[in-house]
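Over in TrEMBL, the protein carries these features:
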- 1-23: signal peptide (SIGNAL)
- 38-139: domain 'SRCR' (DOMAIN)
- CYS64-CYS128: disulfide bond (DISULFID)
- CYS77-CYS138: disulfide bond (DISULFID)
- CYS108-CYS118: disulfide bond (DISULFID)
- 164-275: domain 'SRCR' (DOMAIN)
- CYS240-CYS250: disulfide bond (DISULFID)
- 294-393: domain 'SRCR' (DOMAIN)
- CYS363-CYS373: disulfide bond (DISULFID)
- 403-512: domain 'SRCR' (DOMAIN)
- CYS479-CYS489: disulfide bond (DISULFID)
Amino acid sequence: MPSWCPLPCRLAMLLCVWALCQAQSDTELPPGTPIIQLRLAGDKRKHYEGRVEVYYNGEWGTVCDDDFSIHAANILCRELGYVEAVSWSPSSKYGKGEGRIWLDNVQCSGRERTLAQCKSNGFGVSDCKHSEDVGVVCNERRIPGFNKKNIIELSHSRVEEVRIRAISSQRKRVPITEGYLEVKDGGKWRQICDEEWTEMNNRVICGMYGFPGEKGYNTKVYKLLAKRRKKNYWEFGVNCTGNEASLHGCKLGRKVELKGNATCEKGMPVVVSCVPGRAFAPSHAQGFSKQPLVRLRGGANIGDGRVEVLKNGKWGTVCDDSWNLKAASVVCRELGFGSAKEALAGGRLGQGMGPVHMNEVECSGFEKSLTECYFNRDALGCSHEEDAAVRCNVPAMGFQNKLRLSGGRNPFEGRVEVLAEKNGSLVWGTVCSDSWGTMEATVVCRQLGLGFASNAFQETWYWPGDVRADDVVMSGVRCSGTEMTLAQCLHHGKHLHCPQGGGRFAAGVSCSESAPDLVLNAQVVEHTTYLEDRPMYILQCANEEHCLSSSAATATPSSSRRLMRFSSQIHNNGQSDFRPRAAHNSWVWHDCHRHYHSMEVFTHYDLLSLNGTKVAEGHKASFCLEDTQCEEGIEKRYECANFGQQGITVGCWDTYRHDIDCQWIDVTDIVPGDYIFQVVINPNYEVAESDYTNNIMKCRCRYDGHRLWTYNCHIGERLDDNSGDYWLQQY
């Protein structure tokens, strides 16, 4: 080093030498070091800051903020070509990411060349949510001579946004399925030249916008418009394989020579035209339509859920071994959504019941159905803790703009206010709370993207909303719980009827990111059913609680009742504990049995004729809702002893034995024959759950006057018999 160079100069030269060493190629990394790529993404940011995203094993994912430090931030910034990190931010400051959370508990010493060399739980091993995505701010000074090969330019800072810009005659259509493709670069919207544009590019664009397929369009219209419009082309082409979840995953194509109006002389701006799924099409006669062999269960939002497959008449789950975005995208497109945003593993959206039908699924990404993919039929070793799930891209329908929660303490609760037409103009107003319940609240939370319903409120005086929105604009609302918007539920038309009015009696909700999911073990019921004749004089308490048929009211103490008895084992397979809605101080005391009822009706037991007519019934109150047993490693939280708290912990189950009162159906008055035995848990939807379709169990039942058999018990599914198929109608 020259002797004339002062100390600051020498430090600067040393820094440059050090930085160049740090920017050496991956071929000089220790053998076995995972090869990753990095980018900074997120909301309202400059090019040198953002949410940390890692490209590994063909998928983009995020990094959890647990154990992250300035040392890790320095490694990351240098890997992106910046001289150092300025700071790092926890708790998704730059917005929540999508896809996998690749790294958790990252611990760097500061001497590593790549983030992949830092200690962590391992790629894909994380218990974090995207609300914990880490972000960094780098010093905007670049390392001299830095090799940019580690940065995906399209994903990094070249493209800020992508949009489909509809022509003027189609801009009011919802969803927008066709128009010019434009990218935002340097704050300006630019078109892409279609000279090297491919069908695979169209497929990716349609998928990222929530559409399962692409189609042709009227080229004459767009060519005519292109001649009249001023063009502002982007300087790059795009090269997609067709499997990318979004345009950001594609590679840059050939650089386009910008020559003003002479740019793209042999082509025109790219136009994309997509086919919507039937649920999002303007009419059910249009759109992508097929009868899928897969379904989603347990998801809070549209397009989210645990993957279940129909095989031999039985629904079963998919094991998460080898589960990835390609397989997840096949599922999403099969169901009429776009490509997959996330391929979730480890039972993240709840655990299923029944068989595990598929394991080690491998898809090319272009299959029409998940069943066309290669998979291992032997699911030996897979449990429902490994159930695979997906989050799909769905079209922008503007649902969230027509509904809001007002007055709550946080964004997840408040009075429900609807945007409705009144006297020729759009105004905000309230919803009548008459008959307002959990199903209606479920639809509100889904429409707003706030997860599951936690509670439905019929009084909201404690949530002072906008006084200008006090008037009722919607009444008579009845939802099945499967609707995408409150407007799709049954409700009164122009002639509203709400005797209590709005204001303090307006409908309200609270939402939650997680919910319980109760499932009855059908095999336990099937294996424990039997008949017992019990004298009336020892059934007085049961009679007081209406656990016997109506004829018992006139029965003499010396007579007997014939009872169909059975045990029930109720599992909580959801993501939060099942708790009674009523507070402990409002539980009902039953003096005869000397216990409290935390839920007055917890289960319905019915015996139906083959045509569905009810011939006998029973019900069970939750006098003791507790953790009888739990899966290994899970501690019991709820115990009824000494009037303790009641509930069922996630991963635990509550068993009602066959020999306790009211655990029966009074069949004294039925005649011999074939019947359907039905059990429904939480029948009044008193407590919100993530999935109600698995709350019902049906069995075939035969009674010969002396003995009774139950067989072919199923949860929320088909009942096979010699005369045909009995189906529980499901969404």
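All residue numbers here begin at 1 and follow the chain in the order shown.
Heads up, the Cβ atoms here are built off N, Cα and C, so glycines get one too.
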Compared by Cα position, which of the disulfide-bonded residues CYS77, CYS118, CYS363, CYS489 is the closest one to CYS240 (disulfide bond)?
CYS363
CYS240 (disulfide bond), number of other Cβ atoms within 10 Å:
23
Local Cβ density at CYS250 (disulfide bond) - other Cβ atoms counted within 10 Å:
23
Run through the domain 'SRCR' (294-393) and tell me, per DSSP, how many residues are helix, strand and coil.
16 helix, 39 strand, 45 coil
What is the nearest of the disulfide-bonded residues CYS64, CYS363, CYS373 to CYS108 (disulfide bond), using the Cα of each?
CYS64
Do you know the DSSP helix, strand and coil residue counts for the domain 'SRCR' (164-275)?
29 helix, 33 strand, 50 coil
Helix, strand and coil counts within the domain 'SRCR' (38-139) (DSSP):
16 helix, 35 strand, 51 coil
Once the chains shown are all counted, how many other Cβ atoms turn up within 10 Å of the Cβ of CYS64 (disulfide bond)?
25
Proximal but sequence-remote residues of the same chain as CYS77 (disulfide bond) (Cβ under 8 Å, at least 6 apart):
VAL83, GLU84, ALA85, VAL136, CYS138, ASN139
Between C-alpha atoms, which of these disulfide-bonded residues comes nearest to CYS373 (disulfide bond): CYS64, CYS250, CYS479, CYS489?
CYS250
Which residues in the same chain, at least 6 apart in sequence, have a Cβ under 8 Å from the Cβ of CYS489 (disulfide bond)?
GLU440, VAL443, VAL477, ARG478, CYS479, SER480, GLU483
State the Cα to Cα distance, in Å, between CYS128 (disulfide bond) and CYS118 (disulfide bond), rounded to an integer.
18
Which residue counts does DSSP give the domain 'SRCR' (403-512) for helix, strand and coil?
19 helix, 40 strand, 51 coil
For the disulfide-bonded residues CYS108, CYS138, CYS479, which Cβ has the most other Cβ atoms within 10 Å, all shown protein chains included?
CYS138
